[in-house]
Amino acid sequence: MTAKRSLSPLRPLSTSEVSISQVSPGGKRRHLNSVNDDSLMSLSLPSPSASPIHSSTDSSETSNLPLLLSIIKNTPRGELSHLHAFLLNFLKRDILLGLPLEISIVILSQLDKGDLVHCMMVCKQWNLLINNTPELWKRLIFRDSLITSAEEFERDYAALEQNGTKRVNIPKQMYKLRYTVLKRWMDPTFTPHRQVLEGPDLNVITCLQFDNEKIAAGSNSCQILIYNTQSGELIHTLLGHTGGVWAMKFYGDILASGSTDRTVRIWNTRTGKCTHIFKGHTSTVRCLEIVQPQRIGTDVQGNPIMFPEEPMLVSGSRDATLYLWKLPINDSDSEAPWEFDVGENPYFVNVLKGHLASVRTVTAYANLVISGSYDSTVRVWDISTCECKYTLEGHSDRIYSVVYDPHRHRCYSASVDNTVRIWDLETGECLHILEGHQILVGLVTASRNALVSAAADSTVRVWDQDTGHARVVFRGHSGAITCVVNDDFKVVSGSQGMLKLWDVQTGKFVRDLVEGVDGSVWQVCIDWKRCVSAVQRGDVTVLEVLDFTKGLV
């Protein structure tokens with residue numbers, strides 16, 4: 001494995017706000033404090049208009065040079081000494097400040113954190129340039145994968161702006177906060193703030209999702225619990241399904257769930273009310289995904305083309321079909337649930353048929369829906385036409401998990417045949433077969449720079465998405481992996497009695513995240529600052545919330 005350079009501590013940032021440069025009437029940046037020797041400032045020089053040089057009608061080098069040499073020859077030695085110092089300073093070129101700001105930003109954004117800190121110590125002007133250039137810190141945030149989407153950046157930016165942070169300092173503060181929190185994750189001696197959330201009749205937690213406001217947990221006991229992320233308070237218990245909840249996703253305040261009762265329900269998480277009941281599937285709804293609008297191109301005027309125009313919902317079932325629905329975003333305040341058979345449902349779009357066995361897993365992005373089935377195939381659907389674009393064949397047993405990679409336009413599939421496959425969605429070709437697991441691979445997940453698989457052989461493997469080569473194998477679990485999540489820096493994996501944190505970049509084990517677990521770890525979710533897991537202690541299942549921002553926000 002080729003380990004990436006580990007992150008180094010960030011030097012405390014200067015809050016000085018001395019001006020770096022000013023703009024001359026010609027529009028060029030002119031740097032201040034370039035000459036600050038008092039003796040030079042007191043040196044008496046003739047005004048440009050009175051000098052023979054300025055008044056000469058021929059300004060070429062051939063006419064000026066002899067004149068300059070003549071003046072120098074007739075200048076007293078003491079004044080020449082001052083002139084020498086002045087000329088040396090005048091002829092100096094700062095390799096960074098002498099460039100246009102945009103080019104300086106590009107150069108600085110190529111440096112790692114250690115080199116950037118060294119540059120800040122070169123001189124006051126470099127320190128000010130680095131500290132007070134928001135565009136530089138924005139570039140660094142995305143370069144270092146501390147934030148990976150424009151939407152997330154804008155959300156964090158707006159929050160800091162609302163809190164009164166000066167705009168010039170916001171990206172720098174975002175970088176510093178994210179970096180500090182990441183160091184805490186990777187420090188086994190740091191103790192995050194811990195909350196234990198209990199609920200009525202919790203048994204097997206089948207699905208889990210959270211954001212900064214709420215935590216949603218679905219269970220096989222027919223209910224969905226909604227907690228306040230900040231306080232841990234149980235806000236709502238969503239009741240209505242008559243069978244276990246096996247699939248769940250939320251989008252803002254709208255939550256969709258699928259159940260063994262063969263229905264899809266839409267809920268308002270603010271009110272706790274069910275607003276819609278969708279019927280059509282003839283067996284358990286095993287998986288679902290909310291399809292959010294994404295930019296897929298531009299029109300002739302250069303305006304972005306979004307698809308879908310409004311969020312959609314796709315549900316997969318043991319009846320071997322996928323149903324495509326419009327997500328009800330304008331009727332979320334409905335008091336009584338609207339119950340529809342498929343023929344009269346205004347939100348029904350189409351049925352995607354083709355699989356020959358249960359649809360176990362589904363993912364979606366823009367106009368693409370990717371489904372994995374017990375028929376051993378992966379199907380790629382274009383929901384703008386509701387047609388199957390590719391049937392990806394090659395696995396020899398059931399598909400348990402699929403993930404789409406929007407950066408490479410590829411998908412990854414995990415199977416009971418012990419392998420993971422990488423597929424090119426431009427051609428439908430299988431690019432790589434990832435072998436190494438000894439028994440069924442039940443889980444696959446991916447970030448921009450890490451592909452992770454987890455299997456019943458108790459190992460977690462990290463792969464290179466481009467080459468298909470194994471980067472590292474994490475060993476330490478004593479049983480089948482039941483849940484796994486990752487980003488570019490870390491992997492969190494759960495099994496019977498264990499929830500472990502691993503460092504993707506060093507390939508090393510970091511810490512056990514929960515203690516006293518004698519049962520299953522059902523589910524786990526992470527964002528940049530929290531880890532939420534559903535764990536079993538004895539006969540009781542609880543949610544463990546670990547917050548790594550204690551004392552920072």
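The first residue you see is number 1, and the count goes up from there.
Glycine residues also receive a Cβ, built from the backbone N, Cα and C atoms like all the rest.
If you check TrEMBL, you get these features:
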- 1-14: compositional bias 'Low complexity' (COMPBIAS)
- 1-31: region 'Disordered' (REGION)
- 15-24: compositional bias 'Polar residues' (COMPBIAS)
- 93-140: domain 'F-box' (DOMAIN)
- 238-277: repeat 'WD' (REPEAT)
- 352-391: repeat 'WD' (REPEAT)
- 392-433: repeat 'WD' (REPEAT)
- 434-473: repeat 'WD' (REPEAT)
Residues sitting near the repeat 'WD' (352-391): Cβ under 8 Å, six or more positions beyond its termini, same chain?
283, 286-291, 293-296, 307-308, 312, 314-324, 397-404, 406, 411, 413, 415, 417, 423, 425, 428
For the repeat 'WD' (352-391), the number of residues DSSP places in helix, strand and coil:
0 helix, 24 strand, 16 coil
With DSSP as the yardstick, break the repeat 'WD' (434-473) down into helix, strand and coil residue counts.
0 helix, 20 strand, 20 coil
Could you give the number of helix, strand and coil residues in the repeat 'WD' (392-433) as assigned by DSSP?
0 helix, 24 strand, 18 coil
